[in-house]
Amino acid sequence: LHFGAAVSQPQLVGLKESTLPRPEKNILEAGTVGNIAEARPSVTEEYAVEWAKNDKRRLLHAVYRVGDLDKTIKFYTECLGMKLLRKRDIPEEKYSNAFLGYGPEESHFTVELTYNYGVDKYDIGAGFGHFGVAVEDVAKTVDLVKAKGGKVTREPGPAKGESSIIAFIEDPDGYKFELLERASTLDPLCKVMLRVGDINRAISFYKKAYGMELFRKMDFPEHKYTTAIMGYGPENNNAVLELTYNYGVKEYDKGNGYAQIAIGTDNVYKTAEAVKLNGGKIVLDPGPLPGLNTKITTCLDPDGWKTVFVDNKDFLKELE
């Protein structure tokens, strides 16, 4: 599912909000969660929050743009041990994309890399933080990255205030990866870190609008930042979102490299309504994508980070 065209080249996406049908009846009534709202014209926020919490959700993939698809695939497979799951070229829209991860897309969080013809460099910006990858031996992985000519930005050592060993590396485009030493994990691609301007506002939004759970919140006053780990549990089996607030920094330049996270949902119409009721902005109305029939909706959180919700059944059909 391609949502990755460069922000400066909107024509590559080929989508207009007006092309998607708007449901005529109340959005939250259109699904399968009973008829609680049937007698009322508007839906309560409580009902929307409850729907979001009980919806069958999972982080599907993170979408971002790279300047050389083959070079990045080589780095991820040789240095990070990822598998190339699928790759396709869409010459009529002048882009190629590739999905990589540590297991099938039906059950694992993956990365979707997008290469737009002729664009070999992107500005990653200051808002995007890093991806997290769990490895059995951080020092060994770092040695491999160095041997392959990769960049190490933090040598292996204990994380701040913890005994666990971590390191930081950069891929060929400059996207950072945190390597976390873990004996075993079901999904090694385990984290996406984004910076936010108000941690409590972000936690509240991701809980209510996106139905995420707050696993933990940690404050590091000596380093002047606070983090919140959120997602769809259990945490040790699923990728999580790490939101970071740096004291006093209210907004960030997002650049044009990182695009969005895709999340699975059983009903894009109800999801969009829950997002709107909780202060999110819908930038692509819920409905089927032209030509694909996969139902999606695209929204922005209060910091402007983009998320695409994808119908679970349609996503599985697409993988077939």
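Every residue gets a Cβ built from N, Cα and C, even glycine.
TrEMBL has this to say about the protein:
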type     : residues         : note
DOMAIN   : 58-182           : domain 'VOC'
BINDING  : E112, H130, E178 : Zn(2+) binding site
ACT_SITE : E178             : active site, proton donor/acceptor
DOMAIN   : 188-312          : domain 'VOC'
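Remark: secondary structure over the domain 'VOC' (58-182) totals 24 helix, 58 strand, 43 coil, with classes taken from DSSP.
Sorting the domain 'VOC' (188-312) by DSSP state (H, G, I as helix; E, B as strand; all else coil) yields 21 helix, 57 strand, 47 coil. Comparing Cβ neighbour counts within 10 Å across the binding-site residues E112, E178, the minimum falls on E178. Counting only residues at least six positions away in the same chain, the Cβ atoms of F168, Y175, K176, F177, E178, K191, V192, M193 sit under 8 Å from the Cβ of H130 (Zn(2+) binding site).
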